[in-house]
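Student: The structure is given below, and queries will be raised subsequently.
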């Protein structure tokens, strides 16, 4: 059994992408490999086969390994629900919400969960490919660390350090990070990978030579800047779009402070007939064919922000002019009469009026609903698959016109009597080509092109493995992975 860890000099250095690439590259070599991230902080999560939730990056990495996502792949998930606090999820299940100080004291317990998951995976797979979090050199976070070197020291594994040259200062990032580590941690770093390089590699070579001489550690390769790679972002919203047809559907997503699972919109971003715009604070909602209210980790707080920004008025105007509106998960809850949080699960206990566009109310309960589901959209009876991650129980007359009939016999969500508003708890409803096409036709797009989002994701994972083969020292990587 071998464990290899990828750490980064900064957030968004390329850790998730590199782990995904290495997982598929190893799989091509006939090696059974499994992804692992000790601790993740993200509002994008995926439902696992064992009924829990993990970070979506680990779900993509599982796909790279051709494995079903499992809670052991990300034993600790932190989902921020305020500027200073987060919901703590252990082995896929919400334990409690804590502020940063309380979680610091809780880390020893969290580490036990991390090590238990790693032990199970390492007993089943010959290679465990680990992703760190942020940077290992955050001085204020090093005590009790479970996400980076604290984990590497505990399981005695080698580390690859990756840095993003596109940001500038790559040599300072690498050398500075190394200098801030302890001697034993420095010894764990077996090499560097430089990510997102553009230009002539010959011009970079003197710097690479200096880095190897300065640190005594090898540069394992330089990965190029790739502009059209479309894998799900771990947390930041990806606003890139490809070339669009002239006849497009204009779709607006208001970005709320605690937006969650915004990867729901990746298929729309890639669709050639959709002009997807994320609207932030201070921006008015422009004329559009479709507005989508996304998921939220703090529904009442985000409702207050929506009103403060005047977006409730803009949504009402949009509907008066015949536009379509979708609410997903937290967005579904916002569309109703009221949202009640008697236990204070997402902030101070209390109730808030919803937008009042659909006749139902939601009560947030401690037991979270986590399941992968399939069924048929009420629109065209198109097949749909997705997943539920929500603490709300929603009841009211509007649910008598459901948006989805689920294969397990339940119904989900609602469609307004005038057909303008659709609400659903299902994340991922745009990923299926037929369900996506049905929703786009409902929103007003004629002659919809069907795209195979799963095939696009698989194509990009294969491209990442190709980059490993072409640009990294695969012989050295095989040694680090214990592969002959």
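Placed from the backbone N, Cα and C atoms, the Cβ positions cover glycine too.
According to Swiss-Prot, the protein has these features:
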type: DOMAIN; residues: 248-435; note: domain 'GATase cobBQ-type'
type: ACT_SITE; residues: 329; note: active site, nucleophile
type: ACT_SITE; residues: 427; note: active site
Student: Using a 10 Å radius around its CB, how many other CB atoms surround residue 427 (active site)?
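Tutor: Result for residue 427 (active site): 26 other Cβ atoms within 10 Å.
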Student: To the nearest whole angstrom, what is the C-alpha distance linking residue 427 (active site) and residue 329 (active site, nucleophile)?
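Tutor: A Cα-Cα distance of 7 Å.
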Student: Determine the mean pLDDT over the domain 'GATase cobBQ-type' (248-435), rounding to the nearest whole number.
Tutor: 96
Student: Under a three-state reduction of DSSP output, how is the residue listed as 'active site, nucleophile' classified: helix, strand, or coil?
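Tutor: The residue listed as 'active site, nucleophile' sits in coil per DSSP, no helix or strand.
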Student: What are the non-local neighbours of residue 329 (active site, nucleophile), defined as same-chain residues 6+ apart in sequence with CB under 8 A from its CB?
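Tutor: When sequence neighbours closer than 6 are ignored, residue 329 (active site, nucleophile) has 260, 261, 294, 295, 296, 388, 389, 390, 424, 425, 426, 427 within Cβ distance under 8 Å.
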